[in-house]
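Below you'll find the structure, written out as structure tokens, and then a few comments.
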Amino acid sequence: MLNTLFVLPLEYWVACILLVAGFFWSAVNVKNGIGVPMAVVLATVSVWYMVDVIYNDYETTYMQMFPIEILAVAWWQVIIFLLVFLFFAPIFHFQINRRYLTSRSQIIKYFKTQSNDPEFQLNLTVLFRLVLSVWWGLLVVAIFRYQENVFFFLFPYLGKHPGPWLISGVGGGIQSLFALATNLHMLVGSVFGVIAALSRDKRVRRLALLGILLSWPLYFFDRTRSYILLIVIPGVLAWVFLRLRGGLLKKLVVLALVYMFINAWFGFIIATRVDGTITNAILDGKFSLMQASEEHHQGLNMFEELSWIVKITENGTFHPEIGENYFANLVNVIPRNFWPSKPTIGLDYAIARGLGDSGNDAGVAATLSEGLIGQGVVNFGVYWGSAFAALLMSLWVCLLARIDLMRGKIGYLPLFGLGLILTFNLGRDITFLSLYPFVFGYIILWWVNKRRKRKML
């Protein structure tokens, strides 16, 4: 695997230099609110593209699959993305968030004070009451959705997994309600984790831990790895950096242990993907920490997908959609019952990649994640597409920085953490399908804080 470093092209190392420069700038500006979210975007690009080619052995895979010219153009998409992102993200931040620049990063503040601020603790209690109310509502919907299997909705590890909220991928009507429930469920689960990690109120903390035990297993014993990261990581990071006492070395050791467990669990999910449910595999004694840790992770191949996009675009097999893919993601929230001809997401690209299937209702056998940068190329073509994707991520960084700089808002710290984790998921596609938990959380918290402000006047 390390031999790959000696065959990587010059463009790869140019991208590495830009990443290092970006990380350095982010560290210097961490107190301004933009540093942390900007660093997370750079880390996302690093994992999905730079680490990808080492993990999947660039020499024996990508260099055999694509001509050198295609790979060079693909690397230039990464370079252009980084150049545009590093240039425009700070400009957007200092212009759009101008009124908040007198504040300092709240996440850095709580890192230093160990989240002991009385107002912050009061806000956590108010937030807990809010998410608890949402949880009770979800439980009512779950009774309707799962019926006789509702027991396994709460305790999937005691027998069988009841299945996801959504029954089918393309639909409307009741499916829209279940899609909403899915995202609210993940939001509630992640907030339970943050509250359990940070609350100083023993009663609230214990109830939040109970909430974790009831909300996390549905996703832990499912096969969607991004959902597991979404509900688990915000609470883990909050506990490690804002609650756990000790030096940086101790925190890094704890994070390394968490990584080892999650990596092993993901490997176990991959290894048992075609052998029934996760629950049955565990009950049959198939889980082995060492064996699961060695499993090769699938899906960490966004540079491969970017290379395919460049190849089929340049040979004329696929034509850029001029923003259609982004538009389809934007309007995806509208139920298909209200808009039967609502554009679909990623089907044209899947067909161009040879995955068309006339026997399937969607017209394809499967869809493909295009990647953060590749999606831009799918929408606006080579060079312009990667620049447009960088502008979108610059705006995303501005939104996260704004949330971090807004002091005294109920629930904004967990929302900020949720946004950081979702940034990693955006590495596969910039889509509301990934952002719905954040969007719903933002809307709910905006309403709660506005209502609270009116009461104080």
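Glycine residues also receive a Cβ, built from the backbone N, Cα and C atoms like all the rest.
Pulled from TrEMBL, these are the features on record:
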TRANSMEM  12-28  transmembrane segment
TRANSMEM  35-55  transmembrane segment
TRANSMEM  75-94  transmembrane segment
TRANSMEM  126-146  transmembrane segment
TRANSMEM  166-197  transmembrane segment
TRANSMEM  204-221  transmembrane segment
TRANSMEM  227-245  transmembrane segment
TRANSMEM  252-271  transmembrane segment
TRANSMEM  382-403  transmembrane segment
TRANSMEM  410-427  transmembrane segment
TRANSMEM  433-449  transmembrane segment
Folded-back contacts onto the transmembrane segment (433-449), same chain, C-beta under 8 angstroms, at least six residues removed: 126, 130, 134, 179-180, 182-184, 186-187, 190-191, 226, 230, 329, 332-333, 345, 409-412, 414-415, 418-419, 422, 425-426
Close approaches to the transmembrane segment (35-55) from elsewhere in its chain (Cβ under 8 angstroms; 6 or more beyond its ends): 1-2, 4-5, 8, 12, 15-16, 19, 22-23, 25-29, 62, 78, 81-82, 85, 89-90, 105, 107-108, 297, 300-304, 306, 371-373, 393, 396-397, 400-401, 404, 419-420, 423-424, 426-428
Contact between the transmembrane segment (75-94) and the transmembrane segment (227-245) (3 or more Cβ pairs under 8 Å, separation 6+): no
